[in-house]
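> I grabbed these lines from TrEMBL:
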TRANSMEM  7-28  transmembrane segment
TRANSMEM  34-55  transmembrane segment
TRANSMEM  76-100  transmembrane segment
TRANSMEM  112-129  transmembrane segment
TRANSMEM  136-156  transmembrane segment
TRANSMEM  182-201  transmembrane segment
TRANSMEM  213-234  transmembrane segment
TRANSMEM  266-286  transmembrane segment
TRANSMEM  307-325  transmembrane segment
TRANSMEM  337-356  transmembrane segment
Amino acid sequence: MVSSKYIYYLFLMNALINIINFVPRVLVFTRFHGALPSIFLSTFIGTLLFFGFTYTIKGFKGQGLPEIFNATLPRFFSFLLLILYAFFWFMAGIITMLSFVDITLRFISPDISSYAVILGFLLLTSICCRLSSESILYALETLLFLVTPIIVYMLVKAFINPAFNWDAVMQVVTFMWTRPKYVSLAGATFIFSGYFNLAIFNRNFKQIKTRHFWMIPVVGLMILLVTFLVPVGYHGTIGVEEHVYSWFSTADSIRMELFIIERVLFLFYTTYLTLALVSTVLHWHVGLELFKGAFQSKEGKKPGKKMDWWVLVPFSAATIIIMNFLDQVRLGQLGQWFLNIRFLNELLLMGVMFYAKGRSAKKT
């Protein structure tokens, strides 16, 4: 059993990895159409979703979503929902992997084969996601302690750099009172979606305490503002739209004069590659357990370890097939669709969890 601090680690991992994924792109595209008010509104909505999910699931001590759904919902709906959320969490990992394949080819080594990169990612992810939930949580804690100081250092370097244009930031702030769009709201709330990992990791918590819950909106808001405003400060209100991966272009604009590695890009890439792999392991571990939970027997007996590969191999093959059919534009569209549909699915999940909590209370 683990302590409640790991809830905040799950949140922080999901928030940090989305600095370089599709969330910045969505906010940049809507910078004149409500991106900034979306950030503040999504902080409120994301905090409510985070609190609502932790509030409902802590009433089911030592249980994951499969155990909760199978005990409180009709078998057909339980199976359908578990498969749905397993699919979406697998897709979250696939999109992260495909993004880093594209980033590796564009910023690090254009000559390397995309198949070599994706096969390496898939092999590492497939092996690690089969580890026990507790082992993955301990690895997550160690990783965050190692990379968080590096990320803070790079952010400080970004803000104190003379090339950072505060006038461009203030120009975007003037659109504060523009009506937000759904796409920017759905994208910004994904920063807070780390709570969904409790769908499986709740099995490992002895008791969930939300003593430091105030940190969630504060840290989430800070990360969203940094995610959006730093690229604008470097590339301008118009030029920022020309960069697909605005944060990697920003990192390539910063130098470390008194360090072995001069270009921040290589440090930034190594740090976020590590985060991306661990994030994908988390997503695929949760997706795998949800998928297995959908086929759990009435007696609570889960499929054995042999079933893992029957799930992982098809999803790995699907990842390679998707990579062949998607170019950079289509990958961006896929990421946008995922963010839009995911937000509705999380609202649905919240309703189902409150219903399950009510059913459980009646039985007791």
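Note: Cβ is positioned from N, Cα and C throughout, glycine not excepted.
Distances, neighbours, how buried they are, the whole picture for these features please.
Packing against the transmembrane segment (34-55) from elsewhere in the chain are residues 7, 11, 27-28, 172-173, 175-181, 184-185, 187-189, 191-193, 195-196, 198, 208, 210, 213, 216-217, 220-221, 224-225, 228, 346-347, 349-350, 353-354: each is 6 or more residues past its ends and has a CB under 8 Å from a CB in it.
If one looks beyond the transmembrane segment (112-129) by at least 6 residues along the same chain, the residues whose Cβ comes under 8 Å of a Cβ in the stretch are 93, 97-98, 100-101, 104-105, 136, 277, 280-281, 284-285, 288, 312, 316, 319-320, 323.
Sequence-remote contacts of a segment are chain residues at least 6 beyond its ends whose Cβ falls under 8 Å from one of its Cβ atoms, and for the transmembrane segment (213-234) they are 8, 11-12, 15-16, 18-19, 23-24, 27-28, 31, 35-36, 39-40, 42-44, 46-47, 50-51, 155, 158-159, 161, 163-166, 168-169, 172, 188, 191-192, 240, 243, 246-247, 249-250, 253.
Long-range contacts of the transmembrane segment (266-286) within the same chain, counting only residues at least 6 positions beyond its ends with a Cβ under 8 Å from a Cβ of the stretch, are 10, 13-14, 16-17, 19-20, 86, 89-90, 92-93, 96-97, 99-100, 103-104, 107-108, 121, 124-126, 128-131, 133, 136, 139-140, 143, 147, 150-151, 154, 196-197, 199-201, 247-248, 251, 256, 312, 315.
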> Considering only Cβ pairs under 8 Å, which range in 136-156, 307-325, 337-356 makes the most contacts with the transmembrane segment (182-201)?
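Stretch with maximum Cβ contacts: 337-356.
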> Below 8 angstroms Cβ to Cβ, which residues of this chain, lying six or more residues outside the transmembrane segment (136-156), approach it?
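Those are 2, 6, 9-10, 12-13, 16, 128-129, 201, 204, 226, 230, 251, 254, 264, 267-268, 271, 274-275, 278, 281-282, 285, in sequence order.
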